[in-house]
Each structure stands twice: as structure tokens, then as C-alpha cells.
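In what follows, a structure is listed as C-alpha cells, so that the remarks can point back to it.
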Amino acid sequence: MSRGVFITLEGGDGTGKTTQAELLESWLAEQGRAVVRTREPGGTEVGVEVREIVLHHRGDIAPRAEALLYAADRAHHVATLVRPALDRGDVVIQDRYIDSSVAYQGAGRVLDPDAIRSLSEWATDGLKPDLTVLLDLDAASARARLDGARTRFDRLEAEASEFHDRVRGAFLALAEAEPERFLVIYAAEPVDVIAETIRARVVALL
Ligand SMILES: Nc1ncnc2c1ncn2[C@@H]1O[C@H](COP(=O)(O)OP(=O)(O)O)[C@@H](O)[C@H]1O
Ligand SMILES: [Mg+2]
């Protein structure tokens, strides 16, 4: 068993994952903890190339190929960055992990979510988060935030809002199935209130 703490942030785009990851990182650093903040896809050099394909490739990618690309990114990321950090005793704060693959691919209704999970569990040799923070927000509110911040959308963000509502439902179902691992937060709360809720839960893990 590793000595570190593995925290993942999940939820749709615009729910506040990056905002909260930054706040948690600075707070933990103030406590004197070594922190690695990272993301999937794209947390490594190889991952940046994979991310470019899965998020920005023009034209279709066969669903199984897409699933394998995410899994390949994850395998390399966990083996070369996440596990070494956890073995050192660091706190790893990660934007998106296996739950995102299961929720997005499952909501796409093309592939079996259990198969997606098995693939990622094989890819990571079974590495599980100690805590998963799910930032839950309706698709319309999340989109409104993003519209305010940006004009260009990647392949997944451009999907219909009905798809994003299914993703939201899939995340909530995952959280319900593993209540001990998940902290579900209503993401329309003010930024600092959410940050405090996360810190209160993280303290128990340190
Ligand atoms: N709790 C919040 N209330 C209102 N706006 C927020 C909140 N959290 C984040 N935002 C804003 O919403 C936008 C998306 O946040 P971000 O952290 O980038 O989300 P994500 O990483 O999940 O896509 C940003 O403009 C951010 O400032
Ligand atoms: Mg983000």
C-alpha cells in the first residue's frame, strides 16, 4: 500500500473542478504537504499527444478506439506519475479519472460501462482513489459558465445538452453505488463554501 493520498475530482465541464483543484492544492501546500496536481487525459508527455487526438481530432473515432486511447493515457499516467507520487507519500489531486470514462462512455450508450471500467482497472492495475469529489451541476448552468469564459469548444463539450444530462445522471449513479469513496457537492454553491466542504473531508484522510 502506498503512503500518499489519491484524490480525484469528477463532474461535467464547467462544474468547477479546476477551480477547486487549485484551491485544494494551495491549502495542502500551506499545510506543508507535498502535492502533485494533475489531470486526465494529458497528465504526461505521452498523454498530451493522446489528449490532442481524443479531444481535437476532426472526424469520428470508433468508440472502442476512443476507449482504448483514454485507457492508454491512464495506464501511462498512473504508472509514471501517480503511483510514484503516492509511493513518495504525496497527495495527488487529479482532474478526472476512471469515473469520467464510465460516465461519458456509458452516457454515450455505445459501450458497456462495466467493460469500460474493467479496461481502466486493467490499465491502472486497480489503483483506486481514496476520495472522489463529484461536483454536481445541471448541464445548462455548467454551459452558461463556460459560455461566459470561452468561445471554442472541444469535441465532448460540443455534444448536445441531453448528452450532458445523461453524463450527470451517470456520475450520480456511480456516487450512489460507492458512498464511502464519493463526496457529492452541489456545485452551484459559492466557490469558498465548496472549498471548505472539500477541506473538511480531506482533513480526515491526512
Ligand atoms: N462555485 C462556483 N460558482 C460560480 N462560478 C464558478 C464556480 N466554480 C467555478 N466557477 C467558474 O465556472 C467556470 C468553470 O470553472 P472550472 O473550474 O474551469 O470548471 P471545470 O474545470 O470543471 O471545467 C470558471 O469561469 C469558474 O471561474
Ligand atoms: Mg477544468
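Using the three backbone atoms N, Cα and C, a Cβ is placed for every residue, glycine included.
The ATP binding site annotation in TrEMBL covers Gly11, Gly12, Asp13, Gly14, Thr15, Gly16, Lys17, Thr18. Sequence annotations record features per position, and here TrEMBL assigns coiled coil to 139-166. According to TrEMBL, the feature domain 'Thymidylate kinase-like' maps to 9-198.
Counting other Cβ atoms within 10 Å of each Cβ, the binding-site residues Thr15, Thr18 show the lowest value at Thr18. Neighbours of the ATP site: apart from Gly11, Gly12, Asp13, Gly14, Thr15, Gly16, Lys17, Thr18, residues of the same chain with C-beta atoms within 8 angstroms of the site's C-beta centroid are Leu135, Leu137, Ala142, Ala187.
Within the same chain, residues at least six positions away from Lys17 (ATP binding site) with a Cβ under 8 Å of its Cβ are Leu9, Glu10, Gly11, Asp95, Arg96, Leu135.
When secondary structure is read from DSSP and collapsed to three states, Thr15 (ATP binding site) falls in the coil class. Predicted-model confidence for the domain 'Thymidylate kinase-like' (9-198) is 93, expressed as mean pLDDT.
Contact annotation for binding-site residues (Gly11, Asp13, Gly14, Lys17, Thr18) versus ligand 2: Lys17, Thr18, each with CB under 6 Å from a ligand atom. Taking the Cβ of Gly14 (ATP binding site) as centre and 10 Å as the limit, one finds 23 other Cβ atoms among all the protein chains shown. Counted within 10 Å of its Cβ, the other Cβ atoms near Asp13 (ATP binding site) come to 19, all protein chains included.
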